[in-house]
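I have placed the structure first, in the form of structure tokens, so that the comments after it can refer back to it.
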Amino acid sequence: MSDIKACLFDLDGVIVDTAVYHYRAWKRLANELGFDFTEEENEKLKGVSRVRSLELILEWAGITKTEEERAELAARKNSWYVDMISSMQPEEVLPGAREFLEEVRAAGMKTALGSASKNSGLILERTGLLSLFDAIVDGNSVTASKPDPQVFLKGAEALNTAPHQCVVFEDAVAGIEAAKAGGMKVVGVGSPEILHDADLVVKGLYELSTDLLYHL
Ligand code: BG6
Ligand code: MG
């Protein structure tokens, strides 16, 4: 029986499904540059930072851009993405996510966000979830991306909790690796074939209850 005191949540793909908005914005950028961008390619960008995502997209298309040009392209993509997430609604929270966050807090555990996104504040505000987090660690506060454990270690620290007393909820392989590297328990959200290194895999947070966490 483990002594769990805090839950650290990835955002995109665990609490909200923003992958579709990232896809539309990257596709529009790719099309403006004269090539296409597929849903399969988009899958590979889950959990990957904005800057690294652009580098990969340009690499796949065989295109070279200067650092200055890349900064402009990433900003252009982000402005379209922000336009889309600015009208997100509480109904877009993934099934069971709000309820699970409430249950975790009612059970006396702390909650933190651990996301690569620099837009997490806007998303949590738009979906009405901001008040359910004791700490927010996101792309604005880290210097190393997942699979580096920094984002989760900072979350544990902000909650005054030892890593082994934390459970991470993640949909990306890089995020599972990050949690493990940080010495935390991890619940994968998605397919067991892909997330096989997690301690437990569920299809969504709706499958979970706090009881399950004590048996990880
Ligand atoms: C992650 C997403 O949560 O955040 C990635 O899975 C995204 O697809 C990354 O690239 C960075 O997001 P943002 O909002 O800072 O562009
Ligand atoms: Mg994710």
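For all residues, glycine too, the Cβ spot is worked out from N, Cα and C.
Please treat TrEMBL annotations as automatic predictions, because they have not gone through curation.
Record features, source TrEMBL:
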ACT_SITE  D10  active site, proton donor/acceptor
ACT_SITE  D12  active site, proton donor/acceptor
BINDING   10-12, W26, 45-50, S53, K77, 115-119, K146  substrate binding site
BINDING   D10, D12, E170, D171  Mg(2+) binding site
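Projection of TrEMBL feature records onto the structure.
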residue	record	contacts (Cβ under 8 Å, 6+ apart)
D10	active site, proton donor/acceptor	G47, G114, S115, V168, F169, E170, D171, A172, G175, V189
D12	active site, proton donor/acceptor	T18, A19, H22, K46, G47, S115, A116, S117, D171
W26	substrate binding site	F37, N42, L45, S53, I57, K77
R50	substrate binding site	A74, K77, N78, K118, G139
Quick one: what's DSSP say for D10 (active site, proton donor/acceptor), helix, strand or coil?
coil
Of W26, R50, S115, K118, the binding-site residues whose C-beta sits under 6 angstroms from any atom of ligand 2 are none
Can you tell me how many other Cβ atoms are located within 10 Å of the Cβ belonging to K118 (substrate binding site)?
15
For ligand 1, pick out the binding-site residues G47, R50, S115, D171 that have a CB under 6 angstroms away from one of its atoms.
G47, R50, S115
Counting other C-beta atoms within 10 angstroms, the emptiest spot among the binding-site residues E170, D171 is D171
What count of other C-beta atoms do you get within 10 angstroms of the C-beta of G47 (substrate binding site), across all chains shown?
25
